[in-house]
Amino acid sequence: IMATSTTAVLCFFLFLLPLSINAATFEIVNSCSDTVWAAWATTGPQTGGGSQLKPGTVLDRQHQTPAPLGGRIWARTGCPSDGTGCQTGDCGMLQCQGYGRAPNTLAEFSLNQNNNLDFFDISNVAGYNVGIDFSPTTGGCRGIRCSANIVGECPSQLRAPGGCNDPCTVFGTEQYCCNNGPCDPTDFSRFFKARCPDAYSYPQDDRTSTVVFTCPGGTNYSVTFCP
């Protein structure tokens, strides 16, 4: 998928309960030349959604939930018209109610956490399908981007239709999945890290790298596919 000057924008708003002083707005932008199916899923409470995003299409979505809020946003690619059975990021339905299937590049967030801070990151722990820019639009804090040619340069063992898998999905071993205690970088995680140094490259990447970024609570954000 190549970037194009034509963009499609999907806005959805996270309105917190009236007693909360903070509310965050997320703008999702499709800068890819192809249609993608945007998806999002949150925890606390568990909610989700999704929509087809054609280049040049503008859609609005609203979602109300109490703070604090955590979740992720991703692009599904290679989907039929009903948004199910996608090549990458598939969640089994158009309106996702849970997380998508690897490979999918993730924009992750935890809002209104300790000290009234938002935490956000880009993750390749579930592999990579499209580039992502995850940037604050208010708050005066820095954004992050992962938009390397990871699909084209993907190691042969990790290649998947439309994307590049993570090694845990492919091999399922503790070395790559890190389910039972500390684990170290591998040659596969170094492949992702060399191309996207600000993104998670394996589940415990934050032990040795700065991959989680902060903004004041109430900051607004933009997530751009194929930046």
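Note: Cβ is positioned from N, Cα and C throughout, glycine not excepted.
As recorded in TrEMBL, the features of this protein are as follows:
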- 1-23: signal peptide (SIGNAL)
- C32-C226: disulfide bond (DISULFID)
- C79-C86: disulfide bond (DISULFID)
- C91-C96: disulfide bond (DISULFID)
- C141-C215: disulfide bond (DISULFID)
- C146-C196: disulfide bond (DISULFID)
- C154-C164: disulfide bond (DISULFID)
- C168-C177: disulfide bond (DISULFID)
- C178-C183: disulfide bond (DISULFID)
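For the pair C196 (disulfide bond) and C168 (disulfide bond), the Cα-Cα distance reads 18 Å.
For the disulfide-bonded residues C32, C86, C146, C154, C177, C226, a Cα-Cα cutoff of 10 angstroms around C183 (disulfide bond) retains C177.
Sequence-distant contacts (6 or more apart, same chain, Cβ under 8 Å) of C79 (disulfide bond) comprise T35, W37, Q52, G85, C86, Q87, D90.
Counting other Cβ atoms within 10 Å of each Cβ, the lowest count among the disulfide-bonded residues C32, C146, C177, C226 belongs to C177.
Using CA atoms as reference points, the disulfide-bonded residues C32, C91, C96, C154, C168 were checked against C141 (disulfide bond), and the closest is C32. Residue environment of C91 (disulfide bond) contains 23 other Cβ atoms, counted within 10 Å of its Cβ in all protein chains. Listed in sequence order, V125, Y176, C177, C178, P203 are the same-chain residues at least 6 apart in sequence whose CB falls under 8 Å from the CB of C168 (disulfide bond). On a Cα basis, C215 (disulfide bond) lies 27 Å away from C32 (disulfide bond). Counting other Cβ atoms within 10 Å of each Cβ, the disulfide-bonded residues C86, C141, C154, C196 show the lowest value at C141. For C96 (disulfide bond) paired with C226 (disulfide bond), the C-alpha to C-alpha distance reads 21 Å.
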